[in-house]
Amino acid sequence: MSSTTSTSFIKSQAYGKARVRVVRVVRQPDGWQELVDYSVRVLLSGDQFESSYTAGDNKLVVATDSQKNIVYYLAKVLKPEQVMVPERFAAEIADFMVKKYDHVTAAHVHITTRPWERQKFAGRDHPHSFVREGKETRWTNVVATKTNPPAATSVKFEIVSGLEDLQILKTTNSSFVDFYRDEFATLPDMADRIVSTNVETKWRYIFSSKGAVEKANFNGVYDGVKRNTLDTFVNDPRAWVHASVQTTLYIMADRILKEFPEIDDVYYALPNNHVFPVDLSPFGLKNLQGDATVYNPIRDPSGYITGTISRKSSAPKL
Ligand SMILES: O=c1[nH]c(=O)c2[nH]c(=O)[nH]c2[nH]1
């Protein structure tokens, strides 16, 4: 039911706390320590919050401050394996919210994590010191929804995980030829070129219960998505033969869907960060096509190639 005034009604609403910064450390008795560094956003939704928007009624409003406190409380009381994987922690927070509050019908938890790499000295992993490399950002978004509200006996979880800003470049084995030619086509065929992108990708799972979430190998899928992305870009000959960012995108996603049956679909956005050879012919120097060694990386504009690739039959429900 939607609250109405004479002209308006609430189409959707969700509220909560964003950018809750949490670092959780796990300390082993032998001195080995692990750490995760998260930024968490929690949003709650349910029809009974409508009067807080339309009638100034706060009676059922769980303060965003309380939501922030719950994030820290759970970071402390949960077991390491429930916190140290972002999807698991997000699912725990979302599950807690829908079970604790009858009037919450769905909880949306988004976690962004920037990985700290363990430092190495003389080839040995240091037990408790870390360095932040210029790595990609990992994130997840978990929506826990009661299937029979207000009872929390049955809760389904839709999890979309992703990575962004994985910057990659190769100096050969990419081409772009035989494209549509008309009066606007000024780009020459490029039989060999530098190709450079900042990979953004996300993939989707659906779980019918929290037990299924607990069995999933989120870190394994994350590592596999990254491995297939890099390996396709560098090593998959199909990405050189058909040689466009579009083809590379499709092969990346297709490989991921083949390897991970638990994923329903994969989205990529691959900016084509152009790095063009400089025309040095005014100076009597050959620097185009096969002679190119000096390039101008163009900041703006970039190409921007996107696609969502889905499996023909949907993934087995978990
Ligand atoms: O891989 C590419 N795909 C395109 O669609 C395109 N368009 C363009 O100018 N360069 C490229 N490269």
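The backbone N, Cα and C atoms fix where each Cβ goes, glycine too.
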Note to self: Looking at the 5-hydroxyisourate binding annotation from TrEMBL, with Thr64, Asp65, Phe176, Arg193, Val245, Gln246 already listed, which candidate in Asn217, Asn219, Asn272, Asn273 is the matching residue?
What the structure shows: Asn272
Notebook entry, point to check: Among Thr64, Arg193, Val245, Asn272, the recorded positions in the record, which have a C-beta under 6 A from ligand 1?
Noted result: Val245, Asn272
Next item on the list: Please list residues from the chain of Asp65 (urate binding site) whose Cβ is under 8 angstroms from its Cβ, counting only those at least six apart in sequence.
Entry: Lys17
Notebook entry, point to check: How long is the line from the C-alpha of Phe176 (urate binding site) to the C-alpha of His274 (active site, charge relay system), rounded to the nearest angstrom?
Noted result: 12
Margin query: Within 10 Å of its Cβ, which one of these recorded positions (Thr64, Gln246, Asn272) has the largest number of other Cβ atoms?
Written below: Asn272
Next item on the list: Determine, to the nearest whole angstrom, how far the Cα atom of Val245 (urate binding site) is from the Cα atom of His274 (active site, charge relay system).
Entry: 12
Notebook entry, point to check: Do you know offhand how many angstrom separate Arg193 (urate binding site) and Thr64 (active site, charge relay system) by C-alpha?
Noted result: 51
